[in-house]
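Here the structure is laid out as structure tokens; the discussion comes afterwards.
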Amino acid sequence: MIRMTEPSKITAVPDHQPAAGGIAARARASVGPKYLSGLNPEQREAVETLDGPVLVLAGAGTGKTRVLTTRIAHILSQGRARPAEILSVTFTNKAAREMKHRLGQMLGHAVEGMPWLGTFHSIGGRILRFHAELAQLKSNFTVLDVDDQVRLLKQLLQAENIDDKRWPARMLAGLIDGWKNRGLMPSQVPSGEAAIFANGKGGKLYASYQERLKILNAADFGDLLLENIRIFREHPDIVRQYQQRFKYILVDEYQDTNVAQYLWLRLLSQAPSSGSSLPGLTRQSVASSQDGSPGLDASRRPGDDQDNALPIPGAEKVHVKNICCVGDDDQSIYGWRGAEVDNILRFEHDFPGAKVIRLERNYRSTGHILAAASHLIAHNEGRLGKTLRTEDHDGEKVTVTGSWDSEEEARGIGEEIEQLQRQGEKLNEIAILVRASYQMREFEDRFVTLGLPYRVIGGPRFYERAEIRDALAYLRVINSPADDLAFERIVNTPKRGLGDATVQMLHDHARKRRIPLFEAARAVVETDELKPKARGSLRDLVTQFDRWRAQREVTAHTDLAQIVLDESGYTEMWQKDRSADAAGRLENLKELVRSMEEFENLQGFLEHISLVMDREGGAEDDAVSLMTLHSAKGLEFDNVFLPGWEEGLFPSQRTLDEQGRAGLEEERRLGHVGLTRARRRAKIYFATNRRIHGTWSTTIPSRFLDELPAANVEITESKGGSGWGGSGGYGASRFDDMEAFGSSYSTPGWQRAQANRNRGGQGGGGRGGFEEETASFSTSASPDFGSFSSRRRGPLTIEGELVAKSTGTTSEFALDDRVFHQKFGYGRVTKIDGNKLTIAFDKAGEKKVVDSFVQRA
DNA sequence: GACATCTGGGTTTTT
DNA sequence: CCCAGATGTC
């Protein structure tokens, strides 16, 4: 067994007595229910401590989900509560689904009766629908997504004559979102903050935005919780009702909660008997050792004053009931969108008498990987401190590999993946985790060339796709005629000759009479204010909607959706579209209609679509996963590649600039998350030159590399040779004074990296002459590429890889063939080399691809 | 009103 | 460099 020797930085909680606890646990284990067997003593304690507040600090890979689901099973089987009396919140639908699934397995039947297991937003939305009238909404209100929000704000800005170039709607949306995340209603926004937008109009805009939402019978994501909080505060009888209902509360990923979610939980977690105020709602100052940036600090904290003023009447005495929060402060990576690590750091203070349980036994990674991750995260100061340990063997060391530039990095990783594949590794067990999504393209290009199957995780979600949003807009207008945003979205989609001018006049008309756009349209077609052509198509549209609404009564909602898509000409619009992704979009539309079957009716579907629709699937095929570090949280792979560990990219310069020390610590946690995704192999990369926004710049290795423990890390040479060209002209490193764990590294590569780093400063000009086309060669086939420059300039290198990789068989394609590629669309074959084709794509430009990836068009 | 050209801006992402 | 939004032209 390997034990990390890193001492806990903060030990707010004494260690539990291993002897006594262990014996007691073992004694119980022999008689306990079946679902408890196989839990280690800490996990078991987390499951069995049912009374009072519990914080489970669950490090990466320590069986967090298992504890949560077992705890629910335990509560149920002990008869402590019925399924409908347990509130269990997660952040993502995926996590909620996973819990439901595992619970079903554990209990041996599907968990139909857990209506309150879901995401914060879906549960908040559910509660809000019950009390919609208290928020001046109807229970069929629409949930707006960011796009709708921004368009609405744009309209408000126009109405106020504010230049939306100088004051972009998107920025205002971000501000409002931030306020809502902090639980602030328009009247509670600190005046200083409200004033920063549009010369003091920010607060007023927030207020009028809220008014507009009510008129549109709509709520945004933030409202789903904020309106809950307001209703709870203003109606003690209602909050009491929920407090009584929820006998147990479980929270997943507590480190990611924001202030609003925290307040919401506080309100629900009080014992119903006390209609009391909440101590601990005073959020002043927990130690803020990690807050190094005063400016940011000031902007993050002002909400606190507001929190102090919570208008909750009643006695002092508080009974907090059985709330169990599970989280890992070391995996808090969403501070930039309002998550408050403080929530978890302050748990014991907020919930007096809380029991804190640490899960420190890692069941995922090998010794070296865990040691590297632990050592890295130990550099953070603001943490509760955990000491992860594993009983697994040491395994392979974490590797650090430097390359000349990002192309070489991608090439090297591609080769290593092929190597792993030859060793029998499943591609599904290989992931590349990047800091920023622009890093992905280089890998995609490379994989396409190699013919290596891959999938990108994350990216635009299903319901964010234009075609889905369009289809939904049609259905929204049918369901809710007051939904102006939806109407506006589809009024001229597909093109009907109803452009800006027409819409503008509908707006005027609607505003004058205070009616929705749709009704305005109905009225306007009776007049001759529009040109005959526009008038005709608008009349047709109104008639169509009337007909669809009538059909709704007698037609299944899935059929109706299909009818609407067909009759509106929307399907046809994509059928006619010759672009590469049209086929995929039609497929998505089919998928949308199919997914409607799970819902009772149109109303039910629309209520949930914006909250629970996420893309899934595609996991059947064996493919390498490509994603950001953020979207990797919660996942694990045998083999994890971590490219781009360079100053500026990772840690991200922008985070450092904006959030200072706290930002650096969050970046470091991101590194920790990345490493702990790996079960057996973790491979880190950095490049000396990287192209950012089109220009090449020279970079220096990430300071995080210095923070890895030398004993668990192996420095390897970049495949294909000498790494660093170091073109001089640097200033002193900012990090010379940082503790350098890696200073004892002795391989040539590392020394060169160090030498380069110590000369390093901010990239500055290194615009090397890399304009030449990618030198794609296969190292294994070309052992003697000596120096970088000889590789770079030699024309043969371009052919090297193609020759090496060619199958030798003649391609079934001929020059000038018209072909279609899933990703790049249509194109023409310009060159053939064995099974590798060079294709000039209509949209995507010239690419080299393997012939099996294209078909004749 | 529809299409072409231009400019500016560019982490991370859930709901 | 590459995309989205905004402006300009027919």
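Any Cβ shown, glycine's included, is placed from N, Cα and C.
All annotation found in TrEMBL is predicted automatically rather than curated by experts.
The stretch that TrEMBL tags with region 'Disordered', taken from the ranges A:276-312, A:387-423, is A:276-312.
Counting other C-beta atoms within 10 Å of each candidate's C-beta, the binding-site residues A:T62, A:T65 are led by A:T62. Take the CB of A:G61 (ATP binding site) and look out to 10 A: across all protein chains shown you find 22 other CB atoms. Considering only the binding-site residues A:G59, A:G63, the Cβ with the fewest other Cβ atoms within 10 Å is that of A:G63. Compute the center of the Cβ atoms of A:A58, A:G59, A:A60, A:G61, A:T62, A:G63, A:K64, A:T65, which mark the site for ATP; besides them, the chain residues with Cβ within 8 Å of that center are A:V67, A:D328, A:L359, A:N362, A:Y363. In this view, A:A60 (ATP binding site) is surrounded by 26 other Cβ atoms within 10 Å of its Cβ, with every protein chain counted. Of all the Cβ atoms in the protein chains shown, 28 others lie within 10 Å of the Cβ of A:A58 (ATP binding site). Listed in sequence order, A:V56, A:A58, A:D252, A:V326, A:D328, A:L359 are the same-chain residues at least 6 apart in sequence whose CB falls under 8 Å from the CB of A:K64 (ATP binding site).
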